[in-house]
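According to TrEMBL:
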| type | residues | note |
| --- | --- | --- |
| REGION | 1-76 | region 'Disordered' |
| COMPBIAS | 1-12 | compositional bias 'Basic residues' |
| COMPBIAS | 13-25 | compositional bias 'Basic and acidic residues' |
| COMPBIAS | 54-76 | compositional bias 'Basic and acidic residues' |
| DOMAIN | 123-397 | domain 'Peptidase S8/S53' |
| ACT_SITE | Asp132 | active site, charge relay system |
| ACT_SITE | His167 | active site, charge relay system |
| ACT_SITE | Ser350 | active site, charge relay system |
| TRANSMEM | 444-467 | transmembrane segment |
Amino acid sequence: MDGQRAGRKRRQLGREAVRRGDLRAGRRTARRQAPAAVGQTREPSALRPFPMGRDIRGPGQEHHRPPDRPDRKGETVIRRTTVAALLTVPQLLSATVPAHAAAPARWELNAMDVPEAHRTSQGENVTVAVLDTGVVTSHPSFRGRVTSGPDFIRFGAKKGEPHWGEHGTAMASNVLSVAPKARVLSLRVILDHEDPGRDRIEEAWERWRKSGTFDETFRSHQTSISRAIRYAVDQGAEVISMSLGTDEWGGIRDYLDDVAAAVDYAGGKGVTVLASAGNGGSTDRLATDANNVVAYPAAYAGVLGVAAVSRQGRRAEFSQVHTYNAIAAPGVDIRSATNTGGYRMVKGTSPACALAAGAVALMLSRNPDLSPRQVRDILVRTATKPPNGYTLFLGHGMVNADRAVRAAATTKGAEPKAAAYEGEKHFGEGPTDSPVTHPPIDQAYLVIGGVGVGVGLLCFTGTFFLVRRRRA
């Protein structure tokens, strides 16, 4: 017990130190994290409040960090933070690229054989719903292919403000880099890291924790993802990409039920759903269990969990290791759009999820009759396999867009109707019009049985009283 109390005390002191920005008190993973190179910034993760009061790291982000502060060399260093009740989306390691800069060779597209896939499909007539922090639709790379739907979070930063659509704009550009002729439906369901609305959510969470009161702020953030999934399905989206997640969705049962039910609804309507596997991964044996936690929504049945691959074809060091990893996609040095009209290089399972969603759009453009199950089977069958087959690190392997598109083109679409039963109308002989007679009950057996029971009770009662009298 003393050891447990001491452990809790150390964790509490660590959280308090983290809130003060003391890097030395952070987790070991914070100390292992490489410093930003000159000219680079570590972008803070986009966060969405979630009702649990401990430091968590969800899909795509390595660590939660508050506002930037300059270090001695003028580089940007971001402090660690612990925010009670946060649902997260990935942190992006970024270097700003001018908007007019020529697009460099995209290693991630070559690794997925996307140029070859573009010979037969570029995502025509497919809509990908991006559930994220919002998308700046005016970015020059989008060329009118992105539209904005309702804002399901309904508070926080406004369009045009600095901390609106940072993460979502990057994810939309990743989808379109693979499927340039697809359409993207942006649905805002979470807040970027420095969005001022985060304070409102923390306050709403505290009110709920203390009094159980569900005010509008709390209710809005609780149901934003499930409502957005259903909206995307009803608007005709064929693919839903969620570069977000948390390991704490069991904290409030409504989260688990609402989002899982919405995923089931999407699957029933033939919509393929993908989500980031998570960025809390670790190869440290002492930290593996703590960091490779279950991340939702990737862990829901019916969701394709996407892990991240490095340039060397191995698991990216941050990518979480778990049984829900179905496939993998590049997640390091991914050129992505910014909400200011430029570009930056990012990493995380977030871009991996968006790139995989783009590959699904290519498949469905070639064969719109594929069911979510068929999409999954094709991705698994055509993936670039790990040497030893399926692993918890990369699932069934890295998406190969060219092979997936060619397989989709030759796969017969799922039949939406159930096959008619052609067997017998009844099991056995079935009903008959002939009267059925049963032999009469033999009354003698009933009498004999009743007498036997009565005699047995009398013998038991007599024996019971005889034993009691002898003891007395």
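Just so you know, glycine gets a Cβ as well, placed from its N, Cα and C.
Asp132 (active site, charge relay system) sits 7 Å from His167 (active site, charge relay system), taking the C-alpha atoms as the reference points.
With the fewest other C-beta atoms within 10 Å around its C-beta, Asp132 stands out among the active-site residues Asp132, His167, Ser350. In three-state terms derived from DSSP, Ser350 (active site, charge relay system) belongs to a helical segment. Within the model, the domain 'Peptidase S8/S53' (123-397) carries an average pLDDT of 89.
Separation of the C-alpha atoms of His167 (active site, charge relay system) and Ser350 (active site, charge relay system): 9 Å, rounded to the nearest whole number. When secondary structure is read from DSSP and collapsed to three states, His167 (active site, charge relay system) falls in the helix class.
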